[in-house]
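Pulled from TrEMBL:
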- 107-261: domain 'Sodium/calcium exchanger membrane region' (DOMAIN)
- 295-437: domain 'Sodium/calcium exchanger membrane region' (DOMAIN)
- 107-125: transmembrane segment (TRANSMEM)
- 137-159: transmembrane segment (TRANSMEM)
- 171-194: transmembrane segment (TRANSMEM)
- 206-228: transmembrane segment (TRANSMEM)
- 240-259: transmembrane segment (TRANSMEM)
- 296-314: transmembrane segment (TRANSMEM)
- 321-339: transmembrane segment (TRANSMEM)
- 359-384: transmembrane segment (TRANSMEM)
- 396-414: transmembrane segment (TRANSMEM)
- 420-439: transmembrane segment (TRANSMEM)
Amino acid sequence: MADTDSPTSEFDLHLEMDSLPGKSSLGLEGLPLFSSRPTGRKISSAEITTESGIVGHGSENCGSQCIILRSIFRSIKIALFSNKLNLLVPFGPSAILVDKITKNHGWVFFLSLVGIIPLAERLGWATEQLAFFTGPTVGGLLNATFGNATEMIISMLALRNGMIRVVQQSLLGSILSNLLLVLGCALFGGGLALRREQVFNKPSAAMNSGLLLMAVMGLLFPAVLHYTRTELHFGKSELALSRFSSCIMLVAYVAYIFFQLTSQKNLYMPINEEERPNGGISVDEEVPDISKWESIVWLFTLTCFISVLSQYLVNAIEGASVAMNIPVAFISVILLPIVGNAAEHAGAVMFAVKDKLDISLGVAIGSSTQISMFVIPFTVVVGWIMGLPMDLNFKLFETATLIMTVLVVAFMLQEGTSNYFKGLMLLLCYLIVAASFFVHIDEDSSRKGGSSLRVVQNKRNKNYKKHLLKSVGKLRPQI
């Protein structure tokens, strides 16, 4: 073996000496036709430089193109084939196909609803990849922002179609889902996995709870003004108050973002990492799967796909309500937010199991804060621009549900500790909310005169009348 390796070593040394900057010629004497270099050995930079010079400029272009193609295929493989949830992706094209062929709104709604789930999860994954390059504070804001991208897209499409009640109820459902379902699963999963109480950043949770109470105040006063009939200008004061309060809430949210970026550098960083010295390195420190620009490209691509699929989802809501005999309120408040919060749900539970509860709270409560203080006021302003009467009057039933939810979560987080029992209580509260909206019928759920609601009510009334007639028929012989 030594005799075989020695010519190669001499040749490598000769090439490395000849590739020095001061050398004008390459000195190719004794260059064999085929290199005897073993394929398993690492190639040095000098060898690459020399061989690229031998091959020529055309081979350099071919090599760079191959590297670009390899990186693209690798990025696609990681994004689309690294998660089992991506097996649900074909449901999205199937929804479009069913809509074009059959116009069956029930199936279109179901297929598009399932098809959005993996896209929303991948959108959260791309956001996490981008967060590796931005730091914990900006990363937490990115997670909260793009985690709500699905709800934002659905709301804008519904608002464009004039479905104001669907917009209000879907955004309300996103807040309820984040505060009760997502946070409840995170606390429950973290408590069961670690078998002990978890500690989180109490001041950060208190600040988010205060913002949620401010949002409740903004939603409460227009509803109270409406139901007490104390408007100065009937039909106009409520809308004017909603628009003014929305502008104030947007200013408050911008100030909150500025405060986070300037004063709270470790807001989304776990307590055990904050106390670690600057030179400390985490043993389980994660690395990004893709580059920064790949993350940006995937964010843009997935947002476009979700926008297309959300259009079919919104158009099929009323038809699905009739086909499945389910109120539009239940679809808007419960079903749509579960799909939109798929990314937050998975991420919050994962971080809680890893004893990073502060990040879970930043995702769940931070997302609710962003919806209540930014997305809802933003839709009011957009409706104002479009000439639509989008306001903050979410009706009495919805407003009362939001008030009780915020109060329950605020009391749960006031101690600064969590366990699986607190998570279980939040999940049980969410079941009560879901059951309440299943039996609740809203008269103003759509722009088209509530036709779907009347169909659902007529079906229920017919069933009730049939049952009543049967009971009367059984009683007549006895009389």
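Each residue, glycine too, has its Cβ placed from N, Cα and C.
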> Is it true that the transmembrane segment (206-228) and the transmembrane segment (321-339) have 3 or more Cβ pairs under 8 Å, skipping pairs fewer than 6 apart in sequence?
Replying inline: no
> List, by number or range, the same-chain residues at least 6 past the transmembrane segment (171-194) whose CB is under 8 A from its CB atoms?
Replying inline: 148, 151, 155, 212, 332-334, 336-338, 340-341, 344-345, 348-349, 351-353, 355, 357, 360-361, 363-365, 367-368, 371-372, 375-376, 379, 394, 398, 401-402, 405-406, 408-409, 418-427, 429-430, 433
> What does DSSP give as the helix, strand and coil breakdown of the domain 'Sodium/calcium exchanger membrane region' (295-437)?
Replying inline: 120 helix, 2 strand, 21 coil
> Which of 296-314, 359-384, 420-439 has the most Cβ pairs closer than 8 Å to the transmembrane segment (321-339)?
Replying inline: 420-439
> Is the transmembrane segment (359-384) packed against any residues at least 6 beyond its ends, judged by a Cβ distance under 8 Å, and which are they?
Replying inline: 140-141, 143-145, 147-148, 151-152, 155-156, 159, 164, 167, 171, 174-175, 178-179, 182-183, 186, 190, 200-201, 204-205, 208-209, 211-212, 214-216, 218-219, 242-243, 245-247, 249-250, 252-253, 256, 267-270, 341, 344, 347-349, 351-352, 390-392, 409, 413
